Amino acid sequence: MSSPIIVALDFPSAAQALALAERLNPQQCRLKVGKELFTRSGPQVVECLQQLGFEVFLDLKFHDIPNTTAMAVKAAAELGVWMVNVHCSGGLKMLQACRNVLDQQTGAKPLLIGVTVLTSMEQTDLAGLGLDVPPQEQVLRLAGLAEQAGLDGLVCSAQEASVLKQQWPAGQLVTPGIRPAGSAQDDQKRILTPAQAMQAGSDYLVIGRPITQAADPAEALRAILAEL
Ligand SMILES: O=c1ccn([C@@H]2O[C@H](COP(=O)(O)O)[C@@H](O)[C@H]2O)c(=O)[nH]1
C-alpha cells in the first residue's frame, strides 16, 4: 500500500464512520480513529474497519505516567492497529516505557509515533503555556526526545517536515493540518497543501474534513492523490 493518505474519521457514531469507510478503497488510504469516535464506539469500531481491509491509526495521543501510558500502548498493539501515538511532552521516561513495552510484544507491532506541537497551535498558544518560542523550536526539542527513546516518528506540521528530516532522517513524519488549495482552514493553524507537504518531506498526510465533509469523499480523495 503506497498511498500516504490517512483519512481522519472524526464522527460521533460507528455507523457514520463505517458508512464513510465503505465509500473508500483500502488501496488508496489508511484510516484514523480518534478521541471522539473511540470514546463513543470503542475497540469494536477499530475491528470493523480492519475487517473492511483498512489499516488503522489509533490517534488517542496517550499522555500519562510511564506505566499507564505503556499499558495503553500495549492494549493498542493487541488491538492490531498499524500506528499508535503518545505525547512527546510526557517526557523521555514515558516514551522509553512505551518503546520497551512494544519491544516485548510478539508479532506485528504498531508504529510508535510521538506528538510534538499540535497543528492547531501557533506561537501565541505556546506562550500561554509558558513556552514563548516558535513552534518549530519546540517541535525540534520534542523530536530529539522521541529519537532518543527509539520512537518510529512524529506527528508534526508539514511546515516543520524539511528541517525535521535533516535532524532525524529515519523518523516517519505524520502530518495533519493538510488543506487542499481553496478549502477551509477550520481550526488548523500550521497548514500546507497535500503537494507542498509531500515536497517538504512528509511521509503520511492526515486529512479529515476536506475529505469526510466533501459531497463526494471518494472523489475528494482521488483528487488529492492525483495532486501528489
Ligand atoms: O497536531 C495534530 C494532531 C492530530 N490532529 C488530528 O488530525 C485530524 C485533522 O483533521 P482535519 O479535519 O483535516 O483538520 C483530526 O482528527 C485531529 O485530531 C491534528 O489535526 N493536529
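Cβ coordinates are placed from backbone N, Cα and C, and glycine is handled just like the others.
All TrEMBL annotations are machine predictions without curation.
If you look up TrEMBL, you'll see ASP59 (among others) marked as active site, for OMPdecase activity. Other Cβ atoms within 10 Å of the Cβ of ASP59 (active site, for OMPdecase activity) number 25 in total over all chains.
There are 17 other Cβ atoms within 10 Å of the Cβ belonging to LYS61 (active site, proton donor). Here TrEMBL flags LYS61 as active site, proton donor.
Positions annotated as active site, for OMPdecase activity by TrEMBL: LYS61 (among others).
For ASP64 (among others), the entry in TrEMBL reads active site, for OMPdecase activity. In the three-state DSSP classification, ASP64 (active site, for OMPdecase activity) falls within coil.
Summarising the environment of HIS63 (substrate binding site), the number of other Cβ atoms within 10 Å of its Cβ, over all protein chains shown, is 17. Residues annotated as substrate binding site in TrEMBL: ASP10, LYS32, 59-68, THR119, ARG179, GLN188, 208-209.
Per TrEMBL, the feature domain 'Orotidine 5'-phosphate decarboxylase' maps to 4-224. Model confidence over the domain 'Orotidine 5'-phosphate decarboxylase' (4-224) is summarised by a mean pLDDT of 98.
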CB < 6 Å to ligand 1, subset of recorded positions ASP10, ASP64, PRO66, seq order -> ASP10
Quick note, THR119 (substrate binding site): same-chain residues at least 6 apart with CB under 8 Å of its CB -> CYS156, SER157, THR175, PRO176, GLY177, GLN188, LYS189, ARG190, ILE191
ASP59 (active site, for OMPdecase activity) sits from ASP10 (substrate binding site) (Cα to Cα, rounded, in Å) at a distance of 11
Candidates ASP10, ASP64 (recorded positions); min other-Cβ count within 10 Å returns ASP64
